[in-house]
C-alpha cells in the first residue's frame, strides 16, 4: 500500500493538508517516498492533566500537535522518527482506559484511545510501519528509552525524600532521568544528557550520583580504548515534558477545497487504504 501511494496526487494532497493545518509553526512534511497512512485524536497524559492531541501516522514518522480548531488548525508540532519508537501496552486506570506508551530515546509518554478497537488499530499500524522501516534500514529496535514523566497529581510529596509536601509555594519538579516528581532540594543538580538536550537538565540527587558514576566508568573505558568510534541516532528537536497550552494567534489557514478525505465522518482514527 505504501509503495502504491508514495507518488500519487491524493497522497500529496493529504500531506499538504496537514502542513496547512500547522501553518508556519510546523515543519515541512512532504519528502520523496513519505506516505500519510492515518490520523486521529488521542488523549495524551501530560504533566498537569490529560489533553487531546491530534496524531498523524506516516510511513517513517509520527507527528502530533495541539488542537486549535479541529480539522482546521493545529500548533505545537512534534515529529518523532519511527525507527526510534517502541510501544508498550499499559493496563487501564480509573481515570484512563485503552492506554499504551510511546517510548523513544528522547521522550516517552502515555496516550489513550477512545476504544479498545482504536487502540488495536493504532498499535497494529504503528508496529507494521516500524517493522518495515527497521528492515529497510537494516537496524534493530531501539533499546534505550527516556523515562516518562510521572503526572503531577500522582503524588503530594517528593518521591525521593518522601518528606517534602507540595503546595502552592512548594513547586513540583521532574527528574529528566527517572521521571520522578521531586522537590527542589532533591533536584538541585544538572547533568548533560546529549540524547535529550544540548543543555544540562535537572536531575534528582540519586540519578545525579548514578550518572556521575557512569560518566567516570565511560571515561576510564575511553582512556583504555582511545580510538573507539561512537555512533549517534539521527536527532530531532527535543520537547518539554508538557505540551504548550498556548493557542497560535496567527490567522487560520485556508482549508484546501479538494481534500475530501479529511471531511469524512469518522469516530476514530481513519487509516487510508
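Going from the start of the chain as shown, residues are counted 1 onward.
Quick reminder: no glycine exception, Cβ is built from N, Cα and C everywhere.
Here is what TrEMBL records for this protein:
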COMPBIAS  218-227  compositional bias 'Basic and acidic residues'
DOMAIN    35-131  domain 'PH'
DOMAIN    152-212  domain 'FYVE-type'
REGION    218-260  region 'Disordered'
What DSSP reports for the domain 'FYVE-type' (152-212) is 14 helix, 12 strand, 35 coil
Per-residue pLDDT averaged over the domain 'PH' (35-131) comes to what? 94
According to DSSP, how is the compositional bias 'Basic and acidic residues' (218-227) divided among helix, strand and coil residues? 7 helix, 0 strand, 3 coil
